[in-house]
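Novice: Look at Swiss-Prot and you will find 31-317 tagged as region 'Disordered'. Residues annotated as compositional bias 'Low complexity' in Swiss-Prot: 61-78, 121-135. Residues annotated as compositional bias 'Pro residues' in Swiss-Prot: 79-99, 108-120, 136-158, 178-192, 212-242. Taken from Swiss-Prot, the feature compositional bias 'Gly residues' applies to 193-205, 244-301. Annotation comment: Swiss-Prot describes 305-314 as compositional bias 'Basic residues'. The domain 'tr-type G' feature in Swiss-Prot is assigned to 426-598. For 435-442, the entry in Swiss-Prot reads region 'G1', with the evidence type similarity to another entry. Annotated GTP binding site per Swiss-Prot: 435-442, 485-489, 539-542, in sequence order, evidence recorded as sequence analysis. Residues annotated as region 'G2' in Swiss-Prot, with similarity to another entry given as evidence: 460-464. According to Swiss-Prot, the feature region 'G3' maps to 485-488, an assignment based on similarity to another entry. The region 'G4' annotation in Swiss-Prot covers 539-542 and is backed by similarity to another entry.
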Amino acid sequence: MAGKARVHELAKELGVTSKEVLARLGEQGEFVKSASSTVEAPVARRLRESFGGNKPDAVKPAAGASNGAPAKPSAPGARPGPRPGPPAPAQPKEPPAPAAPAAAAPAPAAPAPPAAPPAPAASAAPPSAPEAPSARPTPGPRPGPGGPKPGAPKPAPRTPRVGNNPFSSQQPVERPAPRPQGPAGPGGPRPGPGAGGPRPGGGPRPGATPGNMPPRPVGGPRPGGGPRPGGGPRPGAGPRPTPGGAGRPGGGGGGNYRGGGAGGGGGAGGAAAGGFRGRPGGGGGRPGQRGGAAGAFGRPGGAPKRGRKSKRAKRAEYENMQAPVVGGVRLPHGNGETIRLARGASLSDFADKINANPASLVQALFNLGEMVTATQSVNDETLELLGGEMNYVVQVVSPEDEDRELLQSFDLSYGEDEGGEDDLEFRPPVVTVMGHVDHGKTRLLDTIRDATVREGEAGGITQHIGAYQVTVDLDGNERPITFIDTPGHEAFTAMRARGAKATDIAILVVAADDGVMPQTVEAVNHAQAADVPIVVAVNKIDKEGADPAKIRGQLTEYGLVPEEYGGDTMFVDISAKAGTNIEALLEAVVLTADASLDLRANPDMEAQGVAIEAHLDRGRGPVATVLIQRGTLRVGDSVVAGDAYGRVRRMVDEHGEDVEEALPSRPVQVIGFTSVPGAGDNFLVVDEDRIARQIADRRSARKRNALAARTRKRISLEDLDSALKETSQLNLILKGDNSGTVEALEEALLGIQVDDEVQLRVIDRGVGGVTETNVNLASASDAIIIGFNVRAEGKATELANREGVEIRYYSIIYQAIDEIESALKGMLKPIYEEKELGRAEIRAIFRSSKVGNIAGCLVQSGIMRRNAKARLLRDNVVVAQNLTVSSLKREKDDATEVREGYECGLTLTYNDIKEGDVIETYELVEKART
């Protein structure tokens, strides 16, 4: 059948139901939707082949029977020559087969009358039909032009016997090429049996064309191989040709020759069987051998594939069987291996690690109630949960480990001295002054270095870290000591923690008249967490009410036991203002350093340290205060600190003087960064600017991802409804004089406790004055600009006034926190509480066509007020609420309100009222938020 055929047409042709055809197509790997769908010609051919052996036609069963025998002989394809003789023994089941060889001779002589024999052959077919069933019907259906394609007789084939070959419709005519080959090679020897001559009769085989399909029934001739001498048997074996011709084009032809001869001479059924045996070379249509009709589009013939799956499909199916189902989506299944992910990683990063599709992970989380995108940063808990569902152990790499791996990728290391013991030299101790606000930390440092830094601090509160190196004369020896001053206000927790990590010894300043305060305890915790020795300075001993003994007792509770109490912590009573016992304090610091610390470093390596503070200077650009911990920093070095990099163009000490190099434990201001580094960032020297830039860029990307994962509020499906409601949001842009202050301010603001109705969002932060860029961003996002110790630059103020952008300036951090907290609370939706006005009982009801039911009431308590909110009670049960007193009259006059004890008439926005009902009126009063 040329062209496409519909499933129901094929079903009708094959005598089966459409469902069976659809099922068979499914087994063959073809996707067909319904009985009205069309299938390609090659698919239809394979379908007919698969149903051929099952057809009820008598002819086909015969073919099947004959096929059964050939199957075995086909294996010894090399023996086609001798075949003529053995057919009889080989086919014990079919006695007629032996006779076939004898009759082979006459067969060749009758090539011309092939047309006539078909009829008798058909009649002969029925007898053999019963035997066919026992044989394998499946191979039978495989037609193949190969067998009958003997060499010389090729031309004859052109006159095909349409009706002879029941399977001819499945044999493409293009088999001619192989036919010639058959005779060419093995064909020569095979003709020996004498069948070679008549073999040309095989020509009819080729005649088989797609259009011959209908003639299948006529295929009966197979059994009647006798009637058709030469070609008769051949066509009968037509279905078998698969093996003979295609399986071994050359030899196959010869084999078929012999078989043909043998079959031809024999009786109808026997001949067919014999013929098959004679040309089993084709393998009796075995799939292994490419015998039988050629497939469409040049595909080899052979048994139908029956929808066999490819190895790849089987492998995929097996893997899918092992895959867990999370949220209705199939995902890879791990073996408990550990997956390392950076903090703030996205689902795409996770998918790359486990070789999965990011869309599947997104769908899985969506079905589990989490709405995230493939590129959105995901928090650690979500990644661990998703990994656990797939049998993976997700390990979120800490920032320290991630940074270490980053440096290792550039063959760099941080935190260790290079060289041996001989390369280490003494370095000065680094001392951090810590304590509660206003306890005298900066005054103590001023007294030590004879400076007046305290007067420059707003409100007398230290706003950022200062690092200084002073030289102390102890017992005739000059000992340099580096001091780091930290702020004591509660908002500067992170800055105190950095100071503790960068120090060797901590001086804890406690006011003798104030005692241990919250920030005092916090400073103790920071120092103990960093394993830093503590020297306690009890300050303000000259003030009234000072009680140093009380301080010692309080600090004992926190593990700081004085030496006089049998502990190992040195306590020194001082007065920073009067300069009392300052020398004793410094001596205690040096003794502690010498006794418990190994203060050595290698000055010959490339410099490493920590950025204590950083700010943006109008004339000098980004300026970072760095503390060198090991190595020597020189002008011209390529440096990287956090996500900032650059080349050292200038270094300045605490006195404002330029220095060419800085040794370990020396604090200096470095100028030359391309951006402002963060306070507390690691600082190190690299070989090239290129390496510094690459490290900084990768740190910056990692920082953005981590920040996004921390600040982005995830919305679950359960919260979606409430999230879509209108919420108030206060956007802020923070600008400060240094990075540490900006960081502390941001942490304090984000920590303000307000209702979920209001959100605080810091959309930008930076160091330096307020610029026009900041104003434009604030205008576009309805943000407020907070300037801390900075002012607007150039035309920024004019632009802000024109755009209506609010800029607020602060110099004291807690003032900024208080005002912003008040602003947030002002954005909250007001809270209303109900205040009862009065109660009235309905004594009579008057009906009006204009206004509805009118209630005649007696005011029992309070007042009835027009347009007031009301509710209707019946037997002390609320019948209706959120009502309004539409009109109110006292006798015949309109009234605004009616007091207790008076009668009135009123109408409500509700008509189902009865006598005896009670009307309560009330008003909503806004309640101040606390």
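Here the Cβ of each residue, glycine as well, is placed from N, Cα and C on the backbone.
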Novice: Including all protein chains shown, what's the count of other C-beta atoms within 10 A of the C-beta of Asp438 (GTP binding site)?
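Specialist: Other Cβ atoms found within 10 Å: 16.
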Novice: Looking only at the region 'G1' (435-442), report the model's average pLDDT.
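Specialist: A mean pLDDT of 79 is what the model gives the region 'G1' (435-442).
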Novice: Other than its own, how many Cβ atoms are within 10 Å of the Cβ belonging to Ile541 (GTP binding site)?
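Specialist: For Ile541 (GTP binding site), the 10 Å Cβ neighbour count is 18.
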Novice: Per DSSP, what is the helix/strand/coil residue tally across the region 'G4' (539-542)?
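Specialist: The breakdown for the region 'G4' (539-542) reads 0 helix, 1 strand, 3 coil.
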Novice: What does DSSP give as the helix, strand and coil breakdown of the region 'G1' (435-442)?
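Specialist: Across the region 'G1' (435-442), the residues distribute as 2 helix, 1 strand, 5 coil.
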